[in-house]
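One structure below.
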Ligand code: ASP
Ligand code: MG
């Protein structure tokens, strides 16, 4: 007997029919003797609908009130699921985040979980109940409802699993696992049986949208055994089969397994590049250029500073495309004159393509294979950044698919 957390996404909760299927699946696990906690998302489209209502009133609604509104989507889901579980003959009870309580900070619309008190849930589990807890939300120190940001139910589920010391957290979604790359771009993309938590973290931050990145951070920090799997299978498939399906996020590199050097190719299309050129090369320049951008809450990603020629240097970095206009505005209106830059240039149509794999630690030559492959396709590399387990390049957006396909092939990710 184990303590298991299931998380169901919006598609899995998308209709009363689907909610009944979720209940059947959970009932199957419960009947096999497991203690079950279920964390559902709002029904698909519901969070957008709710937030849309507020934006019909004003373009910049109060974040505290937005959380009050958005959190109701999950509240409907847990109530419906508890009723569906009861209809399956189980004892079930639903809780909103504040009733558990799941304690967060006060950063409305992007709150972070500080602590979860598992006492109440554990008592219900001991009494034989299935406990259904709202995803996406908690309560701040002053008792206000706070949500965790879009896609936050993944993080709720993993955090609850960590707090309850669950044996496994299963994330049911509309894809059947984590793939070597986006199957919409590369038909030969394969599902990975396992991926290490560090690879998953890189892939999530590099644009693979399977899990909210904070949930992966939680899984890593608290060593929560987490599996991503499909909710679209027959809910009554044998438990043994289901337990081994999907992709398991692991914590150590499995020595016994013949492991591919590269696990996946991630890409992010909506990047923009900005170059501040001909700046005097002296202490404080990086800070004077990037400080004002960071102060405007704009995330900066890749950064390059060239070696100086004649005491002058070029400083290039990337931001999300949504922040491009704002960043350019700050640089041309405030920074350029201040740092005495000759010019500020930008390109809003670039994308970042990354190869990820823990195998890189023990293999040399990955970077040169990557660069050669791109060269053979005639793709120019504009910037490069690396970590221990990934290499990212910035390229012209129009070559994204070509680059991803070529790299997927050269690293033999289609072979398994
Ligand atoms: N319902 C929320 C959203 O749509 C949270 C989630 O689904 O994870 O972002
Ligand atoms: Mg999601």
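Just so it is clear, glycine is given a Cβ too, placed from its N, Cα and C backbone atoms.
Please treat TrEMBL annotations as automatic predictions, because they have not gone through curation.
In TrEMBL this protein carries:
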BINDING   7, 8, 9, 10, 173, 174, 179, 184, 209, 210  ATP binding site
BINDING   47, 74  substrate binding site
DOMAIN    274-358  domain 'ACT'
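Taking the C-alpha positions, the distance from residue 209 (ATP binding site) to residue 74 (substrate binding site) comes to 20 Å. Counting every protein chain shown, the number of other Cβ atoms lying within 10 Å of the Cβ of residue 179 (ATP binding site) is 22. Taking a C-beta cut-off of under 8 angstroms and a sequence separation of 6 or more, residue 74 (substrate binding site) has the following same-chain neighbours: 40, 41, 42, 96, 134, 135, 136, 137, 153.
Under 8 Å, Cβ to Cβ, and six or more positions away along its own chain, residue 47 (substrate binding site) finds 10, 41, 70, 73, 136, 150.
By the rule that a residue counts when its Cβ sits under 6 Å from some atom of ligand 2, the binding-site residues 7, 9, 179 yield 9.
Only 47, of the binding-site residues 47, 173, 179, 209, place a Cβ under 6 Å from an atom of ligand 1. For residue 7 (ATP binding site), other Cβ atoms within 10 Å of its Cβ number 30.
With DSSP classes pooled into helix, strand and coil, the tally for the domain 'ACT' (274-358) is 31 helix, 37 strand, 17 coil. For residue 9 (ATP binding site), the same-chain residues 6+ apart in sequence whose C-beta sits under 8 angstroms from its C-beta are 41, 44, 153, 171, 172, 173, 174, 231.
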